[in-house]
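**Q** Handing you a structure now.
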Amino acid sequence: MGRVRNRATAQRRRRKRPGDPPAACAAIAVMGASRAQCPRVQVGVGSHAAAKRWLGKLRRKRRWRRAREAGSRDPLPSAPLPDPPAPAESPKELDLGAQRERWETFRKLWGLSCEGAAKVLLDTFEYPGLVHHTGGCHCGAVRFAVWAPADLRVVDCSCRLCRKKQHRHFLVPASRFTLLQGAESIVTYRSNTHPALHSFCSRCGVQSFHAAVSDPRVYGVAPHCLDEGTVRSVVIEEVGGGDPGEEAAEEHKAIHKTSSQSAPACPREQEQ
């Protein structure tokens, strides 16, 4: 007598035969996988090649899913940020080598900061043939520096105001003149007839420089207010200050108008 097979077992072991219709379905067990992980797959065509393609696609999806999950748990290290630029070195941090002692001596002798000492050296390079003069008023409240030749050409004006205050000066461009200190101590007098600004120290009354209103690019500096050691020679050139009678008449009118004494300034201060 023949054995009676279980219908489910027979259906599972059944293989496709050439005579089966194309629409027949075959149940294929997935090799190498457990029933829980890889259930039976039904392919409409009943082809092993189609099942393998589907299985490969499923495995690739699982691999990508595991890779994404691993990346979210353990992200890749980000690229290191670029180092911030190093701050600019200050003059104190410059590698001066064997010249550091000379640098410090020069700076202390002139009483300058590192920036001021560097400016003096750069100005010396930019103004060849000129000398760095320093000066100020009698009490020291006003101090200035100017680049000018060692041989000074001094103007001696004969106008009424310059004769009364004995003002002699040499002219320099404003770019070469620097007021070091005392801006708050300066009192400026402006005459009524000539556009000139005569600056005096409010403490000691010494006039060390003046400027012209018409040409602020030029300063007149008093040579007798310069510090010693930088002037080699002085050449004085006298210039006329106009008609004394006309100046006296203008001064008389100004006295009655302003109730205070005023006198004309140098008429040639605007020149050069």
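Using the three backbone atoms N, Cα and C, a Cβ is placed for every residue, glycine included.
Model, not experiment: these values are computed from the prediction.
Okay, so Swiss-Prot annotates it like this:
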- 1-23: region 'Disordered' (REGION)
- 1-17: compositional bias 'Basic residues' (COMPBIAS)
- 65-95: region 'Disordered' (REGION)
- 77-88: compositional bias 'Pro residues' (COMPBIAS)
- 133-246: domain 'CENP-V/GFA' (DOMAIN)
- Cys137, Cys139, Cys201, Cys204: Zn(2+) 1 binding site (BINDING)
- Cys157, Cys159, Cys162: Zn(2+) 2 binding site (BINDING)
- 240-272: region 'Disordered' (REGION)
**Q** If H, G and I count as helix, E and B as strand, and all else as coil, what does DSSP give for Cys204 (Zn(2+) 1 binding site)?
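**A** Once the DSSP labels are grouped into three classes, Cys204 (Zn(2+) 1 binding site) ends up as coil.
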**Q** For Cys157 (Zn(2+) 2 binding site), just give me the three-state DSSP call.
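**A** The residue in question, Cys157 (Zn(2+) 2 binding site), is strand (DSSP, three-state).
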**Q** In whole Å, how far does the CA atom of Cys139 (Zn(2+) 1 binding site) lie from that of Cys162 (Zn(2+) 2 binding site)?
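**A** Given the Cα positions, Cys139 (Zn(2+) 1 binding site) is 22 Å from Cys162 (Zn(2+) 2 binding site).
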**Q** Please list residues from the chain of Cys201 (Zn(2+) 1 binding site) whose Cβ is under 8 angstroms from its Cβ, counting only those at least six apart in sequence.
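**A** Residues satisfying the criterion: Cys137, His138, Cys139, Ala141, Val142, Gly182, Ser185, Ile186, Val187, Gln207, Ser208.
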**Q** I want to verify one value. Collapsing DSSP to three states, which class is Cys139 (Zn(2+) 1 binding site)?
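**A** In three-state terms, Cys139 (Zn(2+) 1 binding site) counts as coil.
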**Q** Just counting, how many other CB atoms are there within 10 A of the CB of Cys157 (Zn(2+) 2 binding site)?
**A** 23
**Q** Looking only at the domain 'CENP-V/GFA' (133-246), what is the model's average confidence as pLDDT?
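**A** Averaging the confidence scores along the domain 'CENP-V/GFA' (133-246) gives 84.
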**Q** Quick one: Cα separation, Cys204 (Zn(2+) 1 binding site) versus Cys159 (Zn(2+) 2 binding site), in Å?
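**A** Here the two Cα atoms are 24 Å apart.
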**Q** In the structure shown, with every protein chain counted, which of the binding-site residues Cys162, Cys204 has the densest set of Cβ atoms within 10 angstroms of its Cβ?
**A** Cys162
**Q** Looking only at Cys139, Cys159, the binding-site residues on record, which one has the least crowded Cβ, with the fewest other Cβ atoms within 10 Å?
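**A** Candidates: the binding-site residues Cys139, Cys159. Fewest Cβ atoms within 10 Å: Cys139.
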**Q** So how many other Cβ atoms are close to Cys137 (Zn(2+) 1 binding site), meaning within 10 Å of its Cβ?
**A** 25
**Q** Helix, strand, coil: count each for the residues of the domain 'CENP-V/GFA' (133-246), based on DSSP.
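**A** DSSP classes over the domain 'CENP-V/GFA' (133-246) add up to 18 helix, 55 strand, 41 coil.
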